[in-house]
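Enquirer: To start, I am sharing the structure in question, which I have written as structure tokens.
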Amino acid sequence: MIKLIVGLGNPGAEYTATRHNAGFWLVDQLAREAGTTLRDERRFHGFYAKARLHGEEVHLLEPQTYMNRSGQSVVAVAQFFKILPDEILVAHDELDLPPGSIKLKLGGGSGGHNGLKDITAHLSSQQYWRLRIGIGHPRDLIPESARAGAKPDVANYVLKPPRREEQDVIDASIERGLAVMPQIIKGELERAMMQLHRNP
């Protein structure tokens, strides 16, 4: 069963619409669905709410520590409520998936994502669930003829808002993620994965 759902992003109005904040977008939607408001909770270093979703009590969290220190916030909630790593779902932006794609997985490396890297370090475990929201990679914007030797600026890319057509398909992928939340929260993660991965 999933007891804690974390959305990753950076705090501050200047980052709200950026690709790196896709995890926040999903958790914001969940809070709206639950009719609750995330509030600044100092002891958890983030915006936090206890919500009732699909008949279960779930903790929602958006770390306000900046991305590369997200683990500090996640571990604070996990320790306080005695939540195990495999009862945690982290929603985050994923460079290795195209916009419009969304995938669910348990464990694995960080794929260069500093938020995941810090969460893994703080939990001393990779065995937490990830909901990977595709944002595409800046190399995909470089014409193939010019790709050899080109160094895409990943840091700049994730801190910029998606183009309109990308935003539309990212929003649609988040809706698909929300559609499988009943299974995810109840612990039917294999079923959720099959349903989610039937779509691109």
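The backbone N, Cα and C atoms fix where each Cβ goes, glycine too.
Below are the features listed in Swiss-Prot for this protein:
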- Asn10: site 'Discriminates between blocked and unblocked aminoacyl-tRNA' (SITE)
- Tyr15, Tyr66, Asn68, Asn114: tRNA binding site (BINDING)
- His20: active site, proton acceptor (ACT_SITE)
- Asp93: site 'Stabilizes the basic form of H active site to accept a proton' (SITE)
Enquirer: Cβ neighbours within 10 Å, counted over all protein chains: which one of the binding-site residues Tyr15, Tyr66 has the most?
Expert: Tyr15
Enquirer: Which residue among the recorded positions Asn10, His20, Asn68, Asp93, Asn114 has the fewest other Cβ atoms within 10 Å of its Cβ, if you could check?
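Expert: Checked Asn10, His20, Asn68, Asp93, Asn114; of these recorded positions, fewest Cβ neighbours within 10 Å: Asn68.
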Enquirer: I need the CA-to-CA distance for His20 (active site, proton acceptor) versus Asn68 (tRNA binding site), whole Å please.
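Expert: Cα of His20 (active site, proton acceptor) to Cα of Asn68 (tRNA binding site) measures 12 Å after rounding.
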Enquirer: Using DSSP, would you call Asn68 (tRNA binding site) helix, strand or coil?
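Expert: DSSP assigns Asn68 (tRNA binding site) to helix.
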Enquirer: Through the lens of DSSP with three states only, how would you label Asn10 (site 'Discriminates between blocked and unblocked aminoacyl-tRNA')?
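Expert: Assignment for Asn10 (site 'Discriminates between blocked and unblocked aminoacyl-tRNA') reads coil.
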Enquirer: How many Å lie between the Cα of Asp93 (site 'Stabilizes the basic form of H active site to accept a proton') and the Cα of Tyr15 (tRNA binding site)?
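Expert: Asp93 (site 'Stabilizes the basic form of H active site to accept a proton') to Tyr15 (tRNA binding site), Cα-Cα distance: 13 Å.
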Enquirer: How many angstrom lie between the most widely spaced Cα atoms of the tRNA binders Tyr15, Tyr66, Asn68, Asn114?
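Expert: Binding-site diameter by Cα atoms for tRNA: 16 Å.
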Enquirer: Taking the recorded tRNA site as Tyr15, Tyr66, Asn68, Asn114, identify the other residues of that chain whose CB atom sits within 8 Å of the mean position of the site's CB atoms, giving them in sequence order.
Expert: Asn10, His20, Thr65, Met67, Arg69, Ser70, Gly115
